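According to TrEMBL, the features are:
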DOMAIN    5-79  domain 'Cation-transporting P-type ATPase N-terminal'
TRANSMEM  52-77  transmembrane segment
TRANSMEM  83-99  transmembrane segment
TRANSMEM  248-266  transmembrane segment
TRANSMEM  695-715  transmembrane segment
TRANSMEM  727-746  transmembrane segment
TRANSMEM  767-791  transmembrane segment
TRANSMEM  819-838  transmembrane segment
TRANSMEM  946-966  transmembrane segment
TRANSMEM  972-992  transmembrane segment
TRANSMEM  1018-1049  transmembrane segment
TRANSMEM  1109-1128  transmembrane segment
TRANSMEM  1143-1164  transmembrane segment
Amino acid sequence: MDNTHWYTMQADEVIRKLETNADTGLSHAEVKNRLKKYGHNQLEEKKGVSPFMLFLGQFNNFIVLILIAAAIVSGVLKEWDDALAIIAIVIINAIIGFIQEYRAEKSLAALQKLSAPFSRVTRDGEVHSIPSRDVVPGDIVLLDAGDYVPADGRLYSSYSLSTQEASLTGESTPVIKSAEPLPNPSLPIGDRKNMVFMGTSVTNGKAKYVVVTTGMHTELGKIASLIQGARKEATPLQHKLEVFGRKLVYVCLGIVALIFFLEIWRKGPLLEAFLMSVSLAVAAIPEGLPAIVTIALALGVQRMVRRHVLIRKLPSVETLGCANVICSDKTGTLTQNEMTIRKIFANGKTFDVSGAGYAPTGDFSYRGIPLSETDHQTLRKVLEIGVLCNNAHLKKVDSTWKIIGDPTEGAIISAAAKADVCKEALEKKFPLISELPFDSDRKKMSTMRSMPPEFLVFTKGAPDVIMEDCTKIYAKGNVRNLTEEDIRVILDENNKMAGAALRVLGIAFKTLDHLPEKPTPDTIEKDMIFAGLVAMIDPPRPEAKDAVATCHRACITTVMITGDHKNTARAIGEELGFLKDNLKVIDGMELDTLSDETLEKEAPKIAVYARVSAEHKIRIVRAWKKQGAVVAMTGDGVNDAPAVKEASIGISMGITGTDVTKEASDIIITNDNFASIVAAVEEGRGIYDNIKKSIHYLLSCNAGEVLTMLFASLFNLPLPLFPIQILWINIATDGLPALALGVDTVDPHIMRRQARRSTAQIIDRSLGKLIVLQGFLITFSTLLAYLYVLYGFDAAFDTFYNTWFNGKTVSYELSGDIARARTIAFCVMVISQLFQSFNCRNARRSLFAIGPFTNKKLLLAVGISLAMQVSIIYIPYFDTIFKVIPLELGDWILIFGFSSLTFIIMEIIKLFMRSTEVPMGVAAAEVAKIAVDEVKSMYATIRKPIHYLLSCNAGEILAILFALVLKLPAPLFPLHILWISVVTNILPSLALSADTDGSRTINLSDRGSAKRFMDKRFFALILLQSFLIASSTLLAYLYVLYGGIPLLLAFYNNWFTGKVIPYELHGDIAHARTIAFFVVVISQLFHSFNCRNATHSLLRIGVFTNKKLLLAIALSLAMQMSVIYIPYFHDIFKITLLGVEDWAAIFGFSSLTFILMEIIKCFIRKK
């Protein structure tokens, strides 16, 4: 029966076809038969997933299955610590996922709440109140204002009936109903004026109707079916992690096989070979990845709550990041769902009304000028008539103004309150006598009120109908005859307002000496006095236009979908910026003429859809999805729910949204603000970036562990790490930094990027190369430290050189304690990875440009991880489990020196990566235009720490290189260089990254967009300053070794004659090296002042304008002093005590770099 076009039939024909009676209704016996035939009037509930199955579903993940397999193998090998740790991670991750998804499927339960609990029906000639679930087709139902409609039906008779169908059609204005048949068999739901629908409500009037469909056959039931059938696909991140997990297992199998056969080939124990293979496989798998991704998403959810975004399904957070189409419902999402009067026409003038919604705040103006007293009185007259012909009431509920009654009448009440017109006072002054309710045939409403000794009639309605009844006009405080010119002006203004998508009502009144005994429209609504026009609209949200513009800048296509008429939809679309680039508006009837294939092709050309149904919305979403788009669908009404669930990401409104839509959605906007959707997209993009950082970090660290073990096996070295140590690194020390990276600060320009493709790989080629490179650097640092302790520095270098370049393997005896070497290698591996976490914050930008302290959670995570690592070294119980020994202070200096290599080398690599920037395109130019002030002020500051580090490191290298060329004893030991690079260089470089000398940066000329970061001038300056540092160091070194005259002879003969003159040492070489060590350090501290500005003197900039730099220099100098005056350090650094004259020489030679650079700057400025 539900396919019958009931609205095209006469009411009596419907009664006959359903075999019922309009007066007596069905018999109780017939009701029982029809209940058996059609079932109860309720929505079927789809059986949900049981909690147990939902929990088991958390293990249906390829990476999780790999981890379970690894745990089983570890258990078989009786590695219980490994097995229990892996199982704990898997279970914790499953519990988190289960809690988040427990309430995922509740849409149908919410739909049932919309069904009216009781209904009044006529059966056997009597009116009964029955449960709505017992209503059957053929029942005669009686409706009054405020009732919910229990089932779909055809009106038999109605009196001033209007229903609120916004939740079903999306149209906010109440629909005026009529019992007359409609000839068009293809009308959308919103235009079926003689039908009422389950789940809607009666706002005015009364009616009798015959039920035609119940339960799942109603329009609400069809929506329930659509929700059941809506498909939910895996999110992009879920899909990518699944693919990534499958690839990772092949890598693991390859590693297991390679190491196993290598150990067998080397004739190692079979069980040990297998155990090592499994431990490496465990090292290759980022055990914490599923949990870290889940927790990062959950923490992102908490941040979103603060931005009025409630996430119902965790993976949907990431999906937002690649959303490139937002299909938005108009009513309540882009508009306020509150009718507001925008214009009033009276006395030949059109007045503007400010304010929005039902709040009685706003002003009246004429062409931007405040009203005169005459205009104000005319305006009050129009609004008083509107109030006295009105059944709505304005009420404040919890600081929010709400309307009880018809929204159109509510708009008049709100506008009147802005003019200090009080409805209650007017109703007391003019008591109501009778009313002619609004009728769809008459298209107007009238009230008759008493004003002794006279009576007043107030009328409002369609302007053309009101004009037909008017013979006079109220103008300038007087009543005069209505002229043809008046009519023309009024109708022109009406057309102008209607063309702007405003809903227009005419206002009229008249005075009667006496009332007829039986008032009728013919006797009451004639010879009226025209007072004015009021024009209203459901206004756009004030922030919606900016939000739409932000979407466009973020390369997100916006589509508006509404149940309103085409003209209204077009006007709102134009106002909000949807209709750009010749995009089209089409309505539901036009949409029905398009096949799915045609719609798929036309979808990018259509920005606004009007008069659409729930089925239309699903078609629109699917058309975009077929093109590969990631579609977000917003909505608040029941009619939006199926499309919201069908979309890649469903978004519902928290205040005006129905329970149905909320339960069908992935995300709820708690403040109903469209701008919050943009904030959600921004957060989604940021969360995806941060998850990618975490994955980058975990994989590069795991690659370092695997490569370390692999190379150790290839070089036939004793194993540097035990399986339990690898597992500790993966679980304890990797987890916290990875989690902190997952909540890193969002790039401020992230919404200037194009939305990423949903098919883009989470680990693309460039990131894959970077992961391998950084894994190799971690391996290099770890094995270098391991070999240094095990064999000594020379032997370690020989091992690397001969193995990598000559293809030879050098065998020699251990010169160090293997337990100490393994402990140091273990610590270097951990701390290298902690340094690596800073590298992972950005693949191209320097940490100093980002700001070392902008992610305090990462600093805390690194601190906690470091404390945990130190604890297992010094707490007796743990040293046995992890097979480590306590370390001395000198060991820790060595560890931090080797560990920092990964960070330092990556900073240099990032510098060269930035130096190859390509010219900016159009999109980048737009970004630069907005960020130009920030870029200009930051660019010089970013270069300062890089300038300082590179010139200092180059100075150390040149000093050693010149010594080799001159065949001198080495002026510095490797430990000296490590100390300088890690301890004395870091603090000044950090202080320079926060330098305050930006006074001239805004006035600098714009650098070319393709200009290299490391240009020739910058490179030459670094080379010059490094030469000065090296020269100062060698001069001091040679001066102590050979004295003044031999020093000059040595330089002259070696550099100008090409002769090498042999001579004996005049000084103590240990003393000379100590002075050289201190000259390098203090030269670099002086040099930090040079790096503040390349051309301006320090005296002009101000010595004390960077107090952080002064503090950094003082701390670095104090640390340098400590190594000479604390006896313990003497043997470690191989230095001697210094006298006063030594310090004078040190500061004298050290200041040369600063003095010479000040002189060079002077010449540069003059030139």
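The backbone N, Cα and C atoms fix where each Cβ goes, and this holds for glycine too.
All TrEMBL annotations are machine predictions without curation.
Note on the domain 'Cation-transporting P-type ATPase N-terminal' (5-79): its mean pLDDT in the predicted model is 80. Fewer than three CB pairs closer than 8 A are found between the transmembrane segment (695-715) and the transmembrane segment (1143-1164), and contact between the two stretches is not assigned (pairs 6 or more residues apart). Just going by CB pairs under 8 A, the stretch in 727-746, 819-838, 946-966, 1018-1049, 1109-1128 that sits most against the transmembrane segment (767-791) is 819-838. Here the transmembrane segment (972-992) sits apart from the transmembrane segment (727-746); fewer than 3 CB pairs are under 8 Å, leaving out pairs fewer than 6 apart in sequence.
Contact between the transmembrane segment (1018-1049) and the transmembrane segment (1143-1164) is supported: at least 3 Cβ pairs lie under 8 Å, counting only residues 6 or more apart in sequence. With a cut-off of 8 Å between Cβ atoms, the residues of this chain six or more beyond the transmembrane segment (946-966) that come close are 846, 848, 904, 907-908, 911, 972, 977, 980-981, 985, 988-989, 992, 1018, 1021-1023, 1025-1030, 1033-1034, 1037, 1050, 1054, 1076, 1080, 1083-1084, 1087-1088, 1091, 1094.
When Cβ-Cβ distances below 8 Å are used as the criterion, the transmembrane segment (819-838) is approached by residues 697, 700-701, 704-705, 708, 718-722, 725, 729, 733-734, 737-738, 740-741, 774, 777-778, 781-783, 785-786, 789-790, 847, 852, 858, 861-862, 865-866, 869, 873, 882-885, 887, 891-892, 894-896, 898-903, 906 of the same chain, each at least six residues removed from its ends.
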